[in-house]
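Taking it in order: structure first as structure tokens, then the write-up.
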Amino acid sequence: MLTIAFVASALCALSAASPTAPAKRTVTIPMVRRSAPSSSGTADMADLEAQANALVLKYESGIYAYAQTTGADPPFSPSFARRAATERAYASEELTGAHSGALWQGLVTVGTPTQTFTVSFDTGFGDVVLPGTACNTCKGRLQYNPVASTSAVDRREAFKWMSPDGSMSGRVYGDSVGIAGLEVRNQTLAVASAYTPDFSTALLPADGVLGLAFPSVSRLGTPSFLQSLVDQHQIASPIFAFKLADAGAELTLGGANSALYTDKFTYVPVQTASFWNVRLDGVSLNGTLAVGGRASMLDTGTALLLAPADDAHALYGALPGARPQRTPAGDTLYMFPCAGAPTLGLVFNGKAFKVPRASFSLGGVQEREGVCVGAVAGSERVAFWVVGTTFLQTVYTEFDVGKSRIGFAALK
Ligand SMILES: *[C@@H]1O[C@H](CO)[C@@H](O)[C@H](O)[C@H]1NC(C)=O
Ligand SMILES: *[C@@H]1O[C@H](CO)[C@@H](O)[C@H](O)[C@H]1NC(C)=O
């Protein structure tokens, strides 16, 4: 199984470190926040509907890739392959290219001489995607030109990712990818000749996406950027960590930045190395438990918290004045009286982490004085929670590939 091979090779590379090996480092990538929903501003309902839909499609296609890679459905989504086959939404080698809104982005350089791009660092995505020069639906984005790069290798392979919302196609290249002074050679790149609506600038303000999920959900079935960093002895440990904040947001590769957190990490084991999949013991409103143990995915590529429909229903049932609003795609957003915003608590490994009242709202509803949209959306299309940056910006988070675990610590 690819997943185990990945973890094993990461550990192996780590233990193979010797004084003669090239210097390994920890580097920090500053990130900027883009297209942020805010509790003081107004929420664009259509945009949030599109975000929820794109998020579901991103997970469905990742699960499809997982089933292709391992020959089995992941335990957190036991009936997906059967459903996908029935609905014929995902054809056999055709996968979906959906992607949700990127809130924080950073810079990478690609090729020789270097071409610079902004990317969304997305823990819910398994590939590296850039718009190519042939893309005429990539307006406003910098476009990667392999012809201008002496290190680009045409892998002579086209890709086409199908989803219920359209297909994204392009060509596969290998090229050098640089980030904060580290360089990976021969990184597999999905170079798009078309961006689907799910990659619109409203949902993805960056030029491209750099996936940080495990290789089992890679749609191209190739090593991830992080695995390449480890294999090519570029980083000290197979670990990355995020501080997501309006100011001073940072991604650290090769370890955690101890200047950014206090106290010890609370660690949660990854259950199925695919997405960053950990057990969520419970969810509470103002300290009262509303939902019991569930599978959850930690996702830096979305602001939303997406819950199975019944869980969202139960959660908002405990919030006076909350009202559901169904989206055309069949997901549900919830509106509630802004003045009654609750504190949301997520329990991981027995410890409760709080999302403060001010962060529970994604913004006020236009022309509806005093009505806000909740950060938790519901969907009948997922059997697990997706925990986005509304939660992740309240903690310092370490993603440990070698030990297959996630650590949460208080932000300094
Ligand atoms: C580049 O990566 C691809 C896919 O992982 C591999 O098949 C190929 O052999 C690699 N080329 C070099 C020169 O390492
Ligand atoms: C949660 O607590 C806040 C602040 O005390 C309050 O305004 C809100 O109504 C409470 N909501 C629920 C569902 O208990």
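Each residue's number is its place along the chain shown, starting with 1.
Using N, Cα and C of the backbone, Cβ positions are placed for all residues, glycine too.
What TrEMBL annotates here:
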SIGNAL    1-17  signal peptide
DOMAIN    104-409  domain 'Peptidase A1'
ACT_SITE  Asp122  active site
DISULFID  Cys135-Cys138  disulfide bond
ACT_SITE  Asp299  active site
Whole-number Å value for how far Asp299 (active site) lies from Asp122 (active site) (Cα to Cα): 7
Three-state secondary structure, which DSSP defines for Cys135 (disulfide bond): coil
C-beta crowding around Asp299 (active site), within 10 angstroms: 28
Residues near Cys135 (disulfide bond) in space but at least six apart in sequence (CB under 8 A): Arg141, Gln143, Gly170, Ala192, Ser193, Ala194, Tyr195
Assigned conformation of Asp122 (active site) - DSSP reduced to three states: strand
Nearest-integer angstrom distance between the alpha carbons (Cα) of Asp299 (active site) and Cys138 (disulfide bond): 24
